[in-house]
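Accompanying notes for the structure given below.
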């Protein structure tokens, strides 16, 4: 073990929920299971906060609290964990949203043992994905996470849950193959076989191999993010999943795709990123505009929010492609912000369904009078999603825009085109979100709508969950350093690495021009 503190903090964070899940069958009464799951989730979240507050140096961009144990040495497989500024905020986000999803599922009566067992398994696997430093361990955690999600949708989902769950597992399992392909392509190249991310990153690959590995990983992470046209599993999964699972799907699972792109495609395959970055920028714009336009056509509340998530993830792609500190910083901030915003909106959607038993927008209406607290919370979440100043959504999107427009890696016309098209998507966002609010809460109530009066407005438990998500949204909006201080040192290092590689590529590989290289070459002084 390389951790100088001589205590495996990160292993505890990963293994605690995984092992605790197997204690659920031993609980004598079903009503105690939710308390047990909540205790495990809250303790793990509290332990994260303690470990990172006491033992993590925010000014150090390198990997910290590293642990490395030989697991299957015959194939070079190690239990290797570490944390840096990129993984730290996403680990905390995973802990917060999963713990709150346990509270959101408090009244679950159908197979609670199995539900919370799967939820804790998924929790541990998510944390493992963000902390893994061995590609095979990363792949293992990635795969462990898929099975609980499939079962949570197929057992506790809506009428078309089997279709949605099958589509999810087919898309994501097929995409996982590309993680394995890309990892093995890098591991087998050169002298010695290694799956350690640090060693793979230190290798120098032929351009063709690096481009191939980058493309494979882009497909894998593009399904999870998701990137158009690999997105079609997401609206179906959200529309059929229960609210607590939708909170995790949008709040954490999509971020695994963005994390993988930055950690591996950008961090480990920087030379290939020079060639793919313009493609990511274009795909980001497609995500933004397509997601916004598709959201307009949805009559189902959760499907509209699902397409909204696709649009918001487009900003992550643009930030990753910018080659600037602000761009990478904005991409990470957008992931954190969207995780909080999407989680609260899907949670409030679940409350709406619990009261009305429908999510069809043409059957809803006039709920503001009966549910004023829900209306206020839903309005706050929607305003955050449309990037109202003073909320985290505004800071994330603004930082991405600044990162793109201040980049000198692209020709001015290319930057202007990307920025203009992304701005069109921003204009469309308030239209479909405010229209959604109007359809749900304003106007006359549908005569056929039966409101469960005995449930009333938002209850204290539900209010607590919503506020635990909205307060960080407001806090980051007014003081972005609450989030950015956890990772800005790391994003500076990533951007510096990209700039160095970009300059080298222009000199050494002028054949294979890209918009990035063309802009840089045009800016070079001409020789006499």
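From the backbone N, Cα and C atoms, a Cβ is placed for every residue, glycine too.
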(message) Checking feature assignment: transmembrane segment per Swiss-Prot, candidates 58-78, 331-351. Which range matches?
(response) 331-351
(request) Please find, within the list 442-462, 463-483, the residue stretch that Swiss-Prot describes as transmembrane segment. (result) 463-483
(message) Can you see whether the transmembrane segment (242-262) and the transmembrane segment (208-228) are touching - at least 3 CB pairs under 8 angstroms, only pairs 6 or more apart in sequence?
(response) yes
(request) With pairs restricted to those 6 or more apart in sequence, evaluate whether the transmembrane segment (32-52) and the transmembrane segment (463-483) have 3+ C-beta pairs under 8 Å. (result) no
(request) Please work out whether the transmembrane segment (114-134) lies in contact with the transmembrane segment (208-228), by counting C-beta pairs under 8 angstroms that are 6 or more apart in sequence and asking whether there are at least 3. (result) no
(message) For the transmembrane segment (86-106), I need the partner stretch with the highest count of C-beta pairs below 8 angstroms, choosing only from 7-27, 276-296, 417-437, 463-483.
(response) 463-483
(request) Report, as numbers and ranges, every residue of the chain located at least six residues beyond the transmembrane segment (208-228) whose Cβ falls under 8 Å of a Cβ in that stretch; write 'none' if there are none. (result) 171-172, 174-179, 181-182, 185-186, 189, 234, 253-254, 256-258, 260-261, 264-265, 269, 271-273, 275-276, 283, 286-287, 290-291, 310, 313, 316-317
(request) State, in range form, which of 7-27, 168-188, 331-351, 417-437, 463-483 has the highest count of Cβ pairs under 8 Å to the transmembrane segment (276-296). (result) 417-437
(request) Quick one: find which recorded stretch in 168-188, 331-351, 417-437 has the most Cβ pairs under 8 Å with the transmembrane segment (463-483). (result) 331-351
(request) For the transmembrane segment (417-437), name the stretch out of 7-27, 168-188, 331-351, 375-395 with the most CB-CB pairs under 8 Å. (result) 375-395
